[in-house]
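Going by TrEMBL, these are the annotated features:
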- HIS60, CYS74, CYS77, HIS78: heme c 1 binding site (BINDING)
- HIS95, CYS114, CYS117, HIS118: heme c 2 binding site (BINDING)
Amino acid sequence: MTLLVSTMVSMTAVAETGGIDSLRTIDLSVEPPAEAMKKVLESDTTFHRDFIEQPPLIPHDIRGYTVNKDVNTCLQCHSWKNASKWGATRISVTHFYDREGKQRADVAPNRYFCLQCHVPQADTAPLQKNNFEPVDSLK
Ligand code: HEC
Ligand code: HEC
């Protein structure tokens, strides 16, 4: 019986990672202790962008901001209608074009789930070393 259980556990470990190395340093079949919550970097200004197509990083906490099919809290401040009232950047014109390139009256479905592309930042060590350098004109 003991043997059967240990075989099942190791099979689960392989099934969960597919045998592929990942950035995780923990064994997925063991429940690790919860990590301390990281403090989100907040600023009244925006983060520098390192390349022109970069989705700008979010310079504020987003805890409690819901985005689902019924409500999009982000647009309550970032839509063209509301942005100036909040001093927030309006969503880009590109966010009105759907995947067929057709311009819509409101944010296109492929841009609705903001957090697919925009992320807040925490002051923490990078998971992966990155040597990316912006071109001189953007430094
Ligand atoms: C209560 C209003 C409010 C809400 C809700 C809000 N934001 Fe913001 N956001 C701001 C303001 C104001 C700024 C300008 C910088 C600052 O003051 O923090 C900003 C800045 C940003 C920027 C940086 C834009 C740039 O030009 O660099 C991004 C990206 C962003 N927010 C994304 C989001 C996303 C995604 C959500 C939803 C999860 C969201 N925001 C919800 C008010 C808001
Ligand atoms: C598929 C990826 C993607 C999604 C989803 C997305 N964005 Fe963006 N966003 C970008 C990129 C890339 C840029 C910068 C280039 C551009 O303007 O298109 C940008 C730019 C912005 C800017 C800066 C505009 C400016 O004029 O400087 C704001 C604000 C923003 N997005 C907010 C949002 C909000 C709010 C949502 C959700 C309703 C959202 N975005 C959804 C990729 C995305």
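Every residue, even glycine, has its Cβ placed from backbone N, Cα and C.
Those residues noted as binding heme c 1 (HIS60, CYS74, CYS77, HIS78) have their most widely separated CA atoms at a distance of 13 Å. Using CYS114 (heme c 2 binding site) as the reference Cα, a 10 A cut-off selects CYS74 from the binding-site residues HIS60, CYS74, CYS77. Checking the binding-site residues CYS77, HIS95, CYS114, CYS117, HIS118 against ligand 1, the ones with a C-beta less than 6 Å from an atom of that molecule are CYS77, CYS114, HIS118.
Among the binding-site residues HIS60, CYS74, CYS77, HIS78, CYS114, CYS117, the residues whose Cβ sits under 6 Å from any atom of ligand 2 are CYS74, HIS78, CYS114, CYS117. In this structure, the binding-site residues under consideration are HIS60, HIS78, and the one with the smallest number of other Cβ atoms within 10 Å of its Cβ is HIS60.
Shown are the binding-site residues CYS74, CYS77, CYS114, CYS117; of these, the residue with the fewest other Cβ atoms within 10 Å is CYS117. Within 10 Å of the C-beta atom of HIS118 (heme c 2 binding site) sit 14 other C-beta atoms, taking all shown protein chains into account. Less than 8 angstroms from the CB of HIS95 (heme c 2 binding site) sit VAL107, ALA108, ARG111, each of them six or more residues away in the same chain.
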